[in-house]
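Here is the structure we will look at, set down as structure tokens.
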Amino acid sequence: MDIVLQVFDTFLFDRFWAFVHPASTFTDTRNVVKLPTTTFSSRREVPTSVINASTQFFQLEPSPYAYMSAWPRDNIWRQFITLYMITWLFGLVLYFVCASLSYLFIFDHATVTHPKYLKNQVALEIRQTMISMPIMAIFTAPLFLLEVRGYGKLYDAPSDAPFALYNYLQFPLFICFTDLLIYWIHRGLHHPRLYKTLHKPHHKWIMPTPYASHAFHPLDGFAQSIPYHLFPFLFPLQKFAYVALFIFINIWTIFIHDGEYVANSYIINGAACHTMHHLYFNYNYGQFTTLWDRLGGSYRQPNEELFSRESKMSKAEWERQTKEMEKVLEEVEGDDDRDYGDEARRLQKKVM
């Protein structure tokens, strides 16, 4: 995360902090260097603090603004606030870009006529995400801060890996480790004492769209992200691999909510498996693979009808899904307080 922080500092936050919290004009002149006057300030005496590169693979030359704040780049409060804003705002950008592309080009829009598709569902999914993301970022930023300040096991050069092959093994190790922990965290969130308070907001979407991918209760979303943050404190992880994996995680989370059932795989826990989870609640808790669901007795094979465009949208399939889903929902939640809208109710009666 120090690479991401350095990039954002160079192109955005150096200027931001120089404006929001400028250095005192009464700086000790023995520790400053004079720079040309600009419209930003008539006094251009700034500290000559050293800014170290976050990686050996590229160097970003700091602008004069990097030295014009009372909080230098390595100030802990500046780092925390900056990381919070990156986590929140960049997270939203990634969410809207990827979810919108998936919604426009992958998501099957016939899903909106499913009897269990909610009234104004996309707007509700986005609203829940907009509420949750800034709160989740509060919990996430301290973990990023610890990593930036050197408490994790992140490394830069491939030669710094425990052994050469580890540069490749870190990827399956990350997937296996996080898949295991997320399985148990997710399954735990289905405990009756936790489900209605923390996890039910995400299960509001029986037939989710890509915008449901981050529509969690804030504590639910953070809890399921803990394994990703825990990994670099326990195992070595290359810095660029770390950034790439976090981007992959967010995109994968969107893909398993896109309703396009491409992977009919024995191993991969794709969109079809996750649709079974949203429909029937107590199955397919895994994030990436079906391994832990199989070992834990919670695996449910996706219906073959889902892998055919005609059969997955057929009235017979929707009728079967609706009947079973309502039976399970009554056991898990009791009364159904979702608003499916007048059109959906009309379609449901037609199907039934």
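Placement of Cβ uses the backbone N, Cα and C atoms for every residue, glycine included.
Residues or ranges marked as domain 'Fatty acid hydroxylase' in TrEMBL: 172-297. The DSSP breakdown of the domain 'Fatty acid hydroxylase' (172-297), given as helix, strand and coil counts, is 84 helix, 4 strand, 38 coil.
Summarising the annotation, TrEMBL assigns transmembrane segment to 83-106 (among others).
Per TrEMBL, transmembrane segment is recorded for 126-145 (among others). Packing against the transmembrane segment (126-145) from elsewhere in the chain are residues 1, 76, 79-80, 83-84, 87-88, 91-92, 95, 201, 204, 211, 214-219, 221-222, 225, 229: each is 6 or more residues past its ends and has a CB under 8 Å from a CB in it.
The annotation transmembrane segment is assigned in TrEMBL to 165-185 (among others).
Away from its own ends, the transmembrane segment (240-257) comes close to residues 1, 3-4, 55, 57, 91, 94-95, 98-99, 102, 154, 170-171, 174, 208-210, 212-214, 228, 232, 269-271, 273-274, 287-288 of its chain (Cβ-Cβ under 8 Å, at least six residues beyond either end). Positions annotated as transmembrane segment by TrEMBL: 240-257 (among others).
Within the model, the domain 'Fatty acid hydroxylase' (172-297) carries an average pLDDT of 94.
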